[in-house]
């Protein structure tokens, strides 16, 4: 006789095993209509799942986040059924829900294209309208393998073979169609609703291995209602408008070419943006008590073997051999082992700790060409990397100090808020469980003492220690994980780093790995999209354009440009024999924040007409006042404080 405890604390008792549907109906017809699934003792399950023992139950309705994930998962199943009904013989593989949508991978001799989407979506809507119920069945393993093999579904059969022997083989039916799936699912296909859309196709290797067959991945998005779908599509349009690759072309910031895949050719304007950010970060680190260093890019494999990176990271490293010397070198994928070498060079005392060591370190990591994306995902990049060598008792103070610095930097760059995630031990890791217990405990205590609130991101720590991940939200609601702080007891042990303590004995330092931007390249991509290329004056690649209205004003335009340049501004002149409206349009497209318009009258009066990006009004000022005001506005925020 199960007793069901509801979220309000009330208890309902039943004479025998009950399903979630039965419990909802006992509460009222409104809940029975609204409930899509349920949590039983915290586990999300189908409404049809039987409850035989006492349990706490919470019903999931359409407004819950869990419902949205289930809508997306079920839409993937509807997609798979639609594809197989339209193209018999197509093999299905996997189809999970993902952020903002879902995908399903298919194996077919002829790949799908976006031209197939209208037919697929029409068939999907028919399946939704039919409202086939989702029904869970548990099959014997051998029977399930035979069934899928007989249907020519070799990928599904392989998945079943690889499941642990203890795991039940759950099959979900929706009408005549079925799929291998753990669930849970909604009540029926009608619960998916109509707020879905297929978005794109891509290639994907089976199980992510290039030695396996190439599959066609169809991506889609699904939402609770049409309003949410329309809002998402609008965000995508806005993301397209802000795409750093397009803006980079329009502003002449950088380019990428086949001869250097994954590496960036920075143009003069782009490099001005890069160095403005780097100079700002250098000042921030100097104020924060960091010492800047520089370490080699090519390092012998012996160091990577000692650090553990050779075993864990070799497939992502670029390797070079020196035949005459019988050496194997690697371009460094990260800076930390090299920083330990500087720490080890000479005798260190506890009086030197905490020792904060920073480097704008050039790193190289292999990424498959299909994973590269503009300047946001590349093979060669520069990190704002730093390592703090400290004692265990100093971790909390250094954590608090770093978080304050990070918050100030993000605010200066236009990001007012961020979230913190605590990433604990991954499955593949270095060090003993005892060491990880110690590191995780130290970081948790540091967060408590520093007043840092966080959410858990289980299993996502670095292979040598737990970490805090700092997540920015941009102007259109996207999250970007940029900053990190990692506690590492492993690398100092592996690389034999030590200091002489107050007791005159040798001790291991704790190593805090930290970054604020992550990589300059990726962060600049985020920054371009955050501002849609409309940078604050201090970051703008070209801060001011002086545009002449008539040819007679050209000498004065040059004089204005020289005055502004002497005031420290980055200035270009436009004295072409073109109409002023055409000049304004061109420089507005290039997102120049300030255009100074000068003609005969301005030349006679010693004035300039100031036009701001995106504005139609002009403000007339004397040249001296304009130079003073713009120079003050162009100061980086840290130099104004």
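Each residue, glycine too, has its Cβ placed from N, Cα and C.
The following features are taken from Swiss-Prot:
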| type | residues | note |
| --- | --- | --- |
| BINDING | 336, 387, 513 | Zn(2+) binding site |
| DOMAIN | 1-61 | domain 'TGS' |
| REGION | 243-536 | region 'Catalytic' |
DSSP assigns the residues of the domain 'TGS' (1-61) as 14 helix, 23 strand, 24 coil
Non-local Cβ contacts of residue 336 (Zn(2+) binding site) (under 8 Å, 6 or more apart, same chain)?
307, 385, 387, 488, 491, 511, 513
Which residue among the binding-site residues 387, 513 has the fewest other Cβ atoms within 10 Å of its Cβ, if you could check?
513
Do you know the mean pLDDT across the domain 'TGS' (1-61)?
92
In the same chain, which residues outside the set 336, 387, 513 have their CB within 8 A of the centroid of the CB atoms that define the Zn(2+) site?
334, 335, 339, 340, 385, 386, 486, 488, 491, 511, 512, 514
Coarse DSSP state, helix versus strand versus coil, of residue 513 (Zn(2+) binding site):
strand
